[in-house]
Amino acid sequence: MKADSSSSSSMSSRMRLRNSHGVGSSSQDWSPFSRHRYSALSSQEDYRSEESEEFGPVFIQEPDDAIFSLDSDDKKIIMNCEARGNPVPTYSWLINGTNVDTEADFRYSLIDGNLIIHNASEVIDYGRYQCRAENSIGIVLSRDALLQFAYLGPFSGKTRGAVSVREGQGVVLMCAPPSHSPEIIYSWVFNELPSFVAEDSRRFISQETGNLYIPKVQPSDVGSYVCQVKNTVTNARVLSPPTPLTLKTDGVMGEYEPKIEAHFPQTVLAAKGVTVRLECFALGNPVPTITWRKMSGNIPKKARLRKSQAVLEIPNIQLEDSGSYECKAENTRGGTAFRGHLQVYTLPQWISMINDTQLDSGEQLRWECRATGKPRPTYRWLRNGEPLSTQSRVEMVNGELTIHRLQQADSGMYQCIAENKYGAIYSSAELKILASAPMFNNNPVRLIATVGKDVSLECRPRASPKPRISWRKNDRRLQPSRRIMLLRNNTLRIINSSRSDEGSYVCRAENQFGSAELTTVLLVKEPMRVELSPLRVEVTVGESVVLSCKVTHDPSLDVSFLWLLNNQPLNTQQDGGHFEYIQTQSSTADLMIRSILLKHAGKYGCRAQTSTDSVLAEAELLVRGPPGPPGVVIVEEITASTATLSWSHGVDNHSPITTYNVQARSPVSLGWQTVKTDPDPVTGSMESAMAVDLNPWVEYEFRVVATNSIGTGDPSPPSRAVRTKEAVPSVAPANVRGGNGRRHELVISWEPVSEEYQNGEGFGYIVAFRVNGTRGWKEKMVTSADSTTYKYRDETFPPLTPFEVRVGVYNNKGDGPFSEVVTVFSAEGEPREPPSEVQAFAVSSSEIKVLWKPPSPGLGRPQGYEVSFWKDVEQEELGKKKRTLGNETNMLLSGLDGNTQYLVSVKGFNSAGQGPSSTAVKISTKKNAPSLPPGNLMWIQEGNNVSLSWDPVKARDNESEVIGYKVLLRQEGRGHSQVMRTPNSAVVLTLPEGGTYIIEVRAVSEGGEGAASAQVRVLTSSGVRAKNGQLSVQNSPPGLAWTALFLSLMVPSFPL
């Protein structure tokens, strides 16, 4: 929208987007006179700041295009429409431009703005619908929505004749679809469902005509064909009558050139953004091949070929995809082509829309709306839903509306419509013509100023048209001067005010509708003075200080204080309680700073404020503390053991730096370590030093820490990592030793030298050894820096031969030192004799105890023993082995099968290998424990004594005989159980304390324990205990007579 130059300021300030708010800004003009006649509306928020303010209808929801299925059980259609406005809008509807009479036609009803259509009929209700929203401000029309009806009629029941062709000839089977709406999808059934025709280079189904094309018929094509159509909305399907396809018997069709039978239209219209599918298929023998090209330019890269190249598919079509496309069909007999034009259109889209506007009567309105589209849109204008016609005051040119000399009757709702042949879009706005007498909201006004300061007296009446403004003081008309100015916005500006400016100022506003006055009483007070002490103070970290702020001001005014640090408000509630605000009198305010930190240094401000004045006084706080971090460390030069470093001074925090400490870190060090320097010490005036006694070929980082009389500060950022130069190794391996190994081996081991002391690349070890009493050394190179062992084998070595051994180091720079000479013995031999007196005893059905004696002392002493055991019916290789942890001479074998004979042998072993096995001994495990649990548990309780009995358990033939019973007792909620043994099938228990106890019984045999009985739960009296706090047991005689009380038992299931 544009505005004439004569009124652009007023118009732009009062034009508002209906869906968003714009905020304007203005700059002051210090000219003493102003001719500006309008009061500006700052934003739409001002315009509609209250719910009570009236405004025209604004659509929240407009009707959308809809497709209704005639097969739907619910014959009701709802077209939605909703608008906001004040007063609340009322609604009506148009169908194809004609009003819908909801009172005369019972099929139509309105719920709020929604139109309900009952018993919908395609004949009556098909068309374009518009919603009309109306209130006292005006009328707006929605976009139009197309209502269509989806249906699919039946095929004609007429029998279709057979199609007879020669083999090799082409054929087109016609679908002749029934009436339908909207689009349908075609497919063909061959002979019977669900056998559908598969499309390939020899079969094509056109989605434009529905016909089936077969360029070269083969015997396998003979059969019955049925066309199936499917509605894309309702998913309804119908089948055509069958069309038989037969072969003639008068010969085979020869080759013939292609003939295009299915192709896209010569002109294809497509909306921007949709997917376009161009069809092209030909008959011919041999079967033709299809190729595509774009006549001007290349086919879009996004395009895809479908159905054996018979369909060119272009997704998300754009304007640049327009043009002529050609499909070509070729075979060995010739070729043919078809060419058509693809034209892409776009619906109108807004570039600029119209906005709500309010203007004074007599002014000029100029609205402009602009839209893009292909074809280019044309424009129409509506006022209150009716076409706006050109008059002497009204001009409409290319989307621009101009109304001269606005009148109150021009108020209302306006709509700009941009449309082309494919669609239309609407932009709505309200035009409000203002006409009111001046009015002031607040009257009178009391204003207080300070001597020597400027003061502004505002005059902002609400009026339309803009009123004329005049000022007077104490009933005398004010004349502008160098010190008193009337600004363009009607504000009275007084420069350098004094007590003589006090008085009553009256602003008078008047227009043709009336007048109003605003009285402002101006009082001028003496300025305020603020003293802050001390103005500059130095403290040390950890100390405290108090800043005192005193103010002198007019006693009739209240004063408030605000403390600032470096021009930012100070929050005394934060920062760990370092700040405390203290005010003992209305004119003083103190700030206490406790346990001062370096970050508390800076400029502190005390701002005193009254309703007329604001004064700031500032003081500087200097904090002495440890130095700040030095600048980043730079490595100037590096050698094998030194590094020359430089850095820059950090802040000294008001206490001179006395010394620097140089630190280094390497991948093998424990964090940062202080290093020796030259010079030593490094004084605070220096910015370089040499780190000495570094290890060669180690990657170091360096940093520097400064110290002053207050303390040590934070370290500098670390230097880049640098590696010292290589040097000959200087550290020999430690803890050289040896021994063990296999027969005829000499095993030498050592602790590896850490990377920190390898001093260069190519690090390795030199292992030197000789038999005691000989002169020459044998030397072997070990090239791995991580190696810890070297083995030397010589068949001539007797076991335990003593050797003198030493281990040295080397790297690419040369050989380093050797370790001290130590004596190392060669390996002894594997055991020569087997263990003797091997015995085995059955412990239970699953355990065997094995005992033996070690072989006679001598070379090849065992370091441990290996026991092998296997079933008598198995081979030894299938058995198991188990080793002792040391030189034990017994072992318990468990996890064995019951009542089974095993063979057991023992052999010794040491680091040299295994010795011979002993002779195998045979041993049988005991029979399995009884599988049946004790049954028929009965009990009698007298106090804390419980008499318990059960039926004896009888062992089966393959089970061990019962030799007694084990009674297990535990208190509920505890894991520990007490165990009692008895040879009888009855016991008397004295329970140790009150509570609930769980009792179960197991049979005991040589084969182990049997299955558990059902659990018995017994509740004893609280507080009753046995004398010694332990469970006491009395065995009952076998013939004891029982009077039994059965409990609720927890009975597990057992196999019989």
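Yeah, the Cβs are placed from backbone N, Cα and C, and that goes for glycine too.
Keep in mind that what you see is a predicted model, and the values were worked out from it rather than measured.
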Listed range which Swiss-Prot flags as region 'Disordered', given the options 607-632, 711-736, 789-814, 919-944: 711-736
Candidate annotated as N-linked glycosylation site in Swiss-Prot, where the set is N355, N653: N355
Whichever of C507, C606 is disulfide-bonded to C549 when Swiss-Prot is consulted: C606
Candidate cysteine (C280, C416) that Swiss-Prot pairs with C327 in a disulfide: C280
When distances run from the Cα of C606 (disulfide bond) to each of the recorded positions C227, C280, C327, N355, C416, the nearest one: N355
Shortest C-alpha distance to N887 (N-linked glycosylation site) - which of the disulfide-bonded residues C131, C280, C369, C416, C507: C280
Euclidean distance between Cα atoms of C416 (disulfide bond) and C175 (disulfide bond), Å: 47
Spatial separation of C227 (disulfide bond) from C327 (disulfide bond) - C-alpha basis, Å: 26
Integer average pLDDT (0 to 100) for the domain 'Fibronectin type-III 1' (629-727): 94
C606 (disulfide bond): tally of other CB atoms within 10 A of its CB: 24
N958 (N-linked glycosylation site) CB neighbourhood, other CB atoms within 10 A: 11
CB contacts for C131 (disulfide bond) [other CB atoms within 10 A, all chains]: 26
Count of other CB atoms lying within 10 Å of the CB belonging to C227 (disulfide bond): 26
For the domain 'Ig-like C2-type 6' (527-622), the number of residues DSSP places in helix, strand and coil: 6 helix, 53 strand, 37 coil
For the glycosylation sites N355, N489, N496, the one whose C-beta sees the most other C-beta atoms within 10 angstroms: N355
Candidates C280, N496, N772 (recorded positions) - the one closest to C416 (disulfide bond) by CA: C280
